[in-house]
Amino acid sequence: MSSGSIHVITGPMFSGKTSELVRRIKRFMLSNFKCIIIKHCGDNRYNEDDINKVYTHDLLFMEATASSNLSVLVPTLLNDGVQVIGIDEAQFFLDIVEFSESMANLGKTVIVAALNGDFKRELFGNVYKLLSLAETVSSLTAICVKCYCDASFSKRVTENKEVMDIGGKDKYIAVCRKCFFSN
């Protein structure tokens, strides 16, 4: 087994997870590693016409491959000699754990960016299962939009109760513990 690794970047909305993912991927690219970023095909928040880019909240972008299933990409990743795999919005991929573990066991570096919980502060997807498999876990915070303290939670500001409701500032705010419970 080659020496691969899994690195998890987690935090609430607006904490800079995608920016950190892009920064790490660019760092590997500068060292001539073959890299790819994969995003969920349902994430079209910033450009509905171009699904093959991952965007930060400040509208910086990087080329990406959009998919709803990571496992179907394995043959392409192996054939293309990809060494570093970045995955944005990993909470939306049902096969994130199996994919990340198998790629790391094949010698790939896997960098996963995902929410630390849903809008109710409950586990979101299977990302939490990666924590015990990861070499590193980076937990980011945002700034609470109400009191300007560190914010660890994402609060939905719409009435939709569906767990999967992709959006940005139009649907979510970052809040601290105290402000999560206030109106």
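Every residue gets a Cβ built from N, Cα and C, even glycine.
These come from Swiss-Prot:
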- Gly11, Pro12, Met13, Phe14, Ser15, Gly16, Lys17, Thr18: ATP binding site (BINDING)
- Glu89: active site, proton acceptor (ACT_SITE)
- Phe119, Val163, Met164, Asp165, Ile166, Gly167: substrate binding site (BINDING)
- Cys144, Cys147, Cys176, Cys179: Zn(2+) binding site (BINDING)
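A map of Swiss-Prot features onto the structure.
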| residue | record | DSSP (3 states) |
| --- | --- | --- |
| Gly11 | ATP binding site | strand |
| Lys17 | ATP binding site | helix |
| Glu89 | active site, proton acceptor | coil |
| Phe119 | substrate binding site | coil |
| Cys144 | Zn(2+) binding site | coil |
| Cys176 | Zn(2+) binding site | coil |
Open item on the list: Among Met13, Cys179, the binding-site residues in question, whose Cβ has the most other Cβ atoms within 10 Å in this structure?
Closed with: Met13
Open item on the list: Can you tell me the CA-to-CA distance separating Gly11 (ATP binding site) and Glu89 (active site, proton acceptor), as a whole number of Å?
Closed with: 11
Task: Listed binding-site residues Ser15, Thr18, Cys147, Cys179, filtered to Cα within 10 Å of Glu89 (active site, proton acceptor) - done: Thr18
TODO: List which of the binding-site residues Pro12, Phe14, Lys17, Cys147, Cys176 have their Cα within 10 Å of the Cα of Phe119 (substrate binding site), in sequence order.
DONE: Pro12
Open item on the list: For Gly11, Pro12, Gly16, listed as binding-site residues, tell me which one has the smallest number of other Cβ atoms within 10 Å.
Closed with: Gly16
Task: Distance, Cys147 (Zn(2+) binding site) to Met13 (ATP binding site) (CA atoms, angstrom) - done: 16
TODO: Identify, in sequence order, the residues in the chain of Ser15 (ATP binding site) that are 6 or more apart from it along the sequence and have a CB within less than 8 Å of its CB; answer 'none' if there are none.
DONE: Leu140, Thr141, Ala142, Ala151, Ala174
- [ ] Round to a whole number and give the Cα-to-Cα distance in Å for the pair Cys147 (Zn(2+) binding site) and Phe14 (ATP binding site).
- [x] 15
Task: Lowest local Cβ density among Phe14, Phe119, which the record lists as binding-site residues, within 10 Å - done: Phe14
TODO: Round to a whole number and give the Cα-to-Cα distance in Å for the pair Cys179 (Zn(2+) binding site) and Phe14 (ATP binding site).
DONE: 16
- [ ] State the count of C-beta atoms found within 10 angstroms of the C-beta of Cys147 (Zn(2+) binding site), not counting that atom itself.
- [x] 13
